[in-house]
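Just below is one structure, and these are the notes that go with it.
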There are 2 protein chains.
Amino acid sequence: MAQEMNIGLLGFGTVGTGVLQIIRDHQDKLQHQLGCSIKVKKVLVSNLHKEREIKIDDDQLTLNADDILNDPSIVAVIEVMGGIEDARRYIRQALENNKNVITANKDLMAIHGSELLELANKQGCDLFYEASVAGGIPILRALVEGLASDRISKMIGIVNGTTNYILTKMSKEGRGYEEALQEAQALGYAEADPTADVEGIDAARKISILGTLGFSMNLDLDDVSIRGITEVTREDLAFCEQLGYTMKLVGIANRFNDKVEVSVQPTLVPHEHPLASVDDEYNAVYVYGDAVGETMFYGPGAGKLPTATAVVSDLVAVLKNNRLGVNGNSVILPQFEKKLKDPDDIHAKYFLRIHAKDISGTFASLTHLFHENEVSLEKILQLPLNQGKLAEIIVVTHAVSKKNYDLVLEKLADADVVVEVKSSYRVEGDRK
Amino acid sequence: MAQEMNIGLLGFGTVGTGVLQIIRDHQDKLQHQLGCSIKVKKVLVSNLHKEREIKIDDDQLTLNADDILNDPSIVAVIEVMGGIEDARRYIRQALENNKNVITANKDLMAIHGSELLELANKQGCDLFYEASVAGGIPILRALVEGLASDRISKMIGIVNGTTNYILTKMSKEGRGYEEALQEAQALGYAEADPTADVEGIDAARKISILGTLGFSMNLDLDDVSIRGITEVTREDLAFCEQLGYTMKLVGIANRFNDKVEVSVQPTLVPHEHPLASVDDEYNAVYVYGDAVGETMFYGPGAGKLPTATAVVSDLVAVLKNNRLGVNGNSVILPQFEKKLKDPDDIHAKYFLRIHAKDISGTFASLTHLFHENEVSLEKILQLPLNQGKLAEIIVVTHAVSKKNYDLVLEKLADADVVVEVKSSYRVEGDRK
């Protein structure tokens, strides 16, 4: 049996450096687990002479990906360069040359995951991507191991640290959206162009990866209905708080019978729900499995060492499989045909905030409107506004079909007594 | 290579039945992961003719453990019979005959774990025990995989469902201790004799297993300082709530430099801490690693399917190792000499509730007493009691040494102005 296994690294930024560091520092333990040692044979870089925070021999560096992808002695390739097109081409080439692949690239996996997993399956190679969802949380492994003996019916994930930081500051410290965003940018939790985060796109990529794996169904980014946090106001948050809810931007993937729904939106969870106390830049994924019941995995969503740790865990699994001769068997191709729920099939509770005229009969006409569309109410809060000329009305519905709820929203916008529909959010995690 | 691997089951109660069911239902997936199939060759039972909820051939059952332990074709033995002495003898015999072992037995592992792990190591066999700590939470695996590239400095675990259920009912629904206990018993969450749970012994077993593994140091049950929940009152809980804390019975294992502390006690955590929202019979383990930072794993602590799922995950790992020829390498023997912290080295915040005489100078004499013992205060709440004849005084200290704090407790008991020291609890998880 091999005494040493060669691997190659594509990319040598923060995560790549972390991976090399971990492999070096823990060589003995890794050898102990694997029965052989790991050698990082080549690292693809874009500049051979850059100052680096880690020492590496010149002949370990290369500017040419082919030195890694065409080297028959390399059994596994780690892609930590980021970006889409080059990464995709390199990973395809690695798989075509029968190399196993580990990637931390969520953008790539959300867009080209199914194509790459199919190729890996065809080639009998592993393609592992734990680090692509939430760096410090071993959630994909939990889903895959759980899947061997469970059926996942729901996942709710706080999978974007930027928006969680912003919403935490707004809820807990009364900041406005713009102010909280600037604070996040100053601390490096948000990028100069925060669009992908605050519009929910990053979270949508991750929930599509989770949904695909958890439900064994090929879910694309296009299947995710997406709403970001840019319209959330301090007032909304204060009323949520008052009614016992915390607002989080979550990705939801749920399944009933054989139909699924995948979405991202600002969502209210009860204060006592485990997701409610996931604050600041932290991530968490709540999973409901028919056998195991409720579980939740909490941890940092990003960062050099958490992400590198996830990559190295994948590497160990891939190399173990290699020595067992079972590479490719862990690639889980979607088993089921994609069936998305219609708005008729999506049932949820909603929080709805309205400014209405404070005249006799207002409330009666509103309740009539709810009632005739089969939307029943669980909580109602009415407060005077503008010296009693207007009324601030907040309701939380029972679980209703999205179709009926959307109809109510439409009719409310046209109703005489309604001045403005201020906001509307989904409610999840009520155990009653 | 082997096309089929034989295993034996010791015990065929709830968990044993669950294990067989999972292996049968997921034979294809397991074969796919392992490259060979699993055959349950023999099951040790105490009655051959009992009615069972699962079908099994008569010749698969045996009354004689030797039929499993001395069968050279069996590579792994699953112990799910419970109890101490027989289980210990069988596991020893299995290891001596070079069989790998999976056990769900926390009582056994807490008392004889180090002896059994040493034997496994000597024999080059695996001894896995994921199901012994918190059935539905893959925490041992997380620690072992985390350990490959991290240093754990703190673990706080809600690892006993019974006491968590009782405290939840007391906090959230205002029940008294006795009433909540009876409710737990009626629902099957507490046993007729609840001593091991309510006195903290069950939690102590689990935190000693977690501490041993997380710190790689041989921690016995005797090393755990233990306090249960029998003295907790509704009034204590109401004041905790008022000051922003939730009370949980937790096991704490922490390390600073090379010294550790392991304890179980009712502990206050801030409402916004992830552990605070772990309610009812649920378990969670919060882990702080130097590389990964804060993580938490939440899920059911017991139950047939969660526990059986954990056992089967261990089985898959053991059989993979067997095919790799690395059995025994995963046995983690304590690397470090045991060094326990002195009361001088244990630093924590405390919640302290006193009834004092409401006379001029009371508060001054109390603050003087705190001050001269180097205990400084973070929060103070004083309320009149008994029409102003007494004062209810509650303080939360800054982090102080246990030695100094214990001295203060002693002196308060003797102080003229103090009528009674009502209660005292440790506070954890304040991030300030």
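Glycine is treated like the rest: Cβ placed from N, Cα and C.
As given in TrEMBL:
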ACT_SITE  A:Lys206  active site, proton donor
BINDING   A:Leu10, A:Gly11, A:Phe12, A:Gly13, A:Thr14, A:Val15, A:Gly16, A:Thr17  NADP(+) binding site
BINDING   A:Lys106  NADPH binding site
BINDING   A:Glu191  L-homoserine binding site
DOMAIN    A:351-426  domain 'ACT'
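The NADP(+) site, placed at the center of the C-beta atoms of A:Leu10, A:Gly11, A:Phe12, A:Gly13, A:Thr14, A:Val15, A:Gly16, A:Thr17, has further neighbours from the same chain whose C-beta lies within 8 angstroms: A:Leu9, A:Gly18, A:Val19, A:Val80, A:Met81. Residue density at A:Leu10 (NADP(+) binding site): 26 other Cβ atoms are found within 10 A of its Cβ, drawing on all protein chains shown.
DSSP assigns A:Gly11 (NADP(+) binding site) to coil in the three-state reduction, placing it in neither a helix nor a strand. The binding-site residues considered are A:Thr14, A:Thr17; of these, A:Thr14 has the fewest other C-beta atoms within 10 angstroms of its C-beta. Checking each of the recorded positions A:Lys106, A:Glu191, A:Lys206 against A:Gly16 (NADP(+) binding site) by C-alpha distance, the shortest gap belongs to A:Lys106. Counted within 10 Å of its Cβ, the other Cβ atoms near A:Phe12 (NADP(+) binding site) come to 23, all protein chains included. In the shown protein chains, 25 other C-beta atoms lie within 10 A of the C-beta of the residue listed as 'active site, proton donor'. For the pair A:Val15 (NADP(+) binding site) and the residue listed as 'active site, proton donor', the C-alpha distance works out to 19 angstrom. A 10 Å radius around the C-alpha of A:Thr17 (NADP(+) binding site) takes in none of the recorded positions listed as A:Lys106, A:Glu191, A:Lys206. On a Cα basis, the residue listed as 'active site, proton donor' lies 21 Å away from A:Thr14 (NADP(+) binding site). Secondary structure at A:Thr17 (NADP(+) binding site), taken from DSSP and collapsed to helix, strand or coil, is helix. Among the binding-site residues A:Leu10, A:Gly13, A:Glu191, not one has its Cα within 10 Å of the Cα of A:Lys106 (NADPH binding site). Of the listed binding-site residues, namely A:Gly11, A:Gly13, A:Gly16, the sparsest CB environment within 10 A is found at A:Gly13. A:Gly13 (NADP(+) binding site) sits 17 Å from A:Glu191 (L-homoserine binding site), taking the Cα positions as reference. Within the model, the domain 'ACT' (A:351-426) shows a mean pLDDT value of 92, rounded to a whole number.
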